[in-house]
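Quick look at what Swiss-Prot lists:
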type	residues	note
ACT_SITE	E121	active site, proton acceptor
ACT_SITE	C386	active site, S-methylcysteine intermediate
BINDING	C146, C150, C153	[4Fe-4S] cluster binding site
BINDING	G209, E210, S241, S263, L264, H265, N343	S-adenosyl-L-methionine binding site
DISULFID	C139-C386	disulfide bond
DOMAIN	132-381	domain 'Radical SAM core'
Amino acid sequence: MSTAQSPIQTDVQHVPAKTTKSIKLVDEAQAKTNLLGMTQAQLADYFKSIGEKPFRSTQVIKWIYQQGVTDFEQMTNLSKSLRDKLSANACVIPPKVIHRQYSDDGTRKWVFEVTGGSLVETVLIPADDSKLNGRKTLCVSSQVGCALDCSFCSTGKQGFERDLTAAEILGQLWVANASYMTDENDSLENVDHSLWENNVTNVVMMGMGEPLLNYRPVVSSMELMLSDHAYGLSKRRVTLSTSGVVPKMYELAQELDVALAISLHAPNDELRNELVPINKKYPLEQLMAAARNYVFDVNPRHKKHVTIEYVMLDGVNDSNEHAEQLVALLGNLPSKINLIPFNPFPHANYDKSSNNRIHAFSNILSEAGFVCTIRQTRGDDIDAACGQLVGQVADRTRRSAAWQQSIKDRENS
């Protein structure tokens, strides 16, 4: 696993001049460096750049992520002079929550306004099975919109605007944990940090956007999710889902050992070209080779599997023949297959497969020796179910031609 660190990419914030109980805000005209989302190595470099000892990075990271503290004045094991210096030059500011909804089934959704006024969403899904010991899974967004244009996904219909910064990605997790320290309608500024507890147990990079097309900020965020000084999640509890950006799959395999999920949705190239257009660039043979490399070649003694995500579309990809093709495609790849009932959205050209059809499809996979689950739809009453993360924004079907043309350069950078 590579330990190379990227240069510091500071997230400069302009925030209003008022100070609150737990989140210190600064003058609009004064740009400050947001420390949220910096890895320990990046933060150590930042401290060296301001003439401080790099070990301070560990102290500050623990305050931010283990105690939820964003006001430097409350970081009591830092010297007064350092606290003053940080207050003058830095900040810890998660993205602004402009809307939140709590579903009847316990699902929570937040709409964030990020720099520039764009909106993104994140969803927290609590397990409803007592055997799962209170598991709470956060579905995190990595981009504003998505450029991949999967034909069955409502999120893609708003087009792509920009990548999220590491602060905007990791801030989603910070806010989700903070929500358990406040009442439903209370401000995050009223968090009692003495009661802080990191309630989120699992993170899936499955929200808005393709994570591997925003590679460095996503990897930096996941490093902090795994760090014992920050959130301390185990590798099997952090999952990155990709539609198949093959070069970045190889890069990730060398750098960060997290769980991998593949948004497959079709067992042959002809159908996947229609449903998941990136398949035209990286067809199934290349995708499966990258998946096998991730499981077998990097650390063959470490038992891993790939999660295969497969949305069930009535009369499109749900026949017995499709199931048999999927069995042949996966072969000996250690896989857990997650069948996802389609969640309809306005002007969708697809329907949900019947329950009988989904179960028949599942039975073929199970009989072939694969672990196969059928995802329970959660949060659909607040438009938080899979494929519904479209945000409360205008439909942006006219995608950025410049972005589309730059994908190749970004993948190979």
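A Cβ is built for glycine as well, from the same backbone N, Cα and C atoms used for every other residue.
In the predicted model, the domain 'Radical SAM core' (132-381) has a mean pLDDT of 91. The S-adenosyl-L-methionine-binding residues named in the record, G209, E210, S241, S263, L264, H265, N343, extend over a maximum Cα to Cα distance of 19 Å.
Checking each of the recorded positions (E121, C139, C146, C150, C153) against N343 (S-adenosyl-L-methionine binding site), the C-alpha distance stays within 10 Å for C153.
Within 10 Å of C146 ([4Fe-4S] cluster binding site), counting C-alpha to C-alpha distances, fall the following of the binding-site residues G209, E210, S241, S263, H265: G209, E210. Each residue contributes its Cα atom, and for C153 ([4Fe-4S] cluster binding site) and G209 (S-adenosyl-L-methionine binding site) those atoms are 11 Å apart.
Long-range Cβ contacts of E210 (S-adenosyl-L-methionine binding site) within its own chain (separation 6+, distance under 8 Å): S142, Q143, C146, A147, L148, T242, S243, V245. Note: the CA-CA distance between G209 (S-adenosyl-L-methionine binding site) and C150 ([4Fe-4S] cluster binding site) rounds to 11 Å. For E121 (active site, proton acceptor) paired with H265 (S-adenosyl-L-methionine binding site), the C-alpha to C-alpha distance reads 23 Å. Taking only the Cα positions, the spacing between L264 (S-adenosyl-L-methionine binding site) and C139 (disulfide bond) is 18 angstrom.
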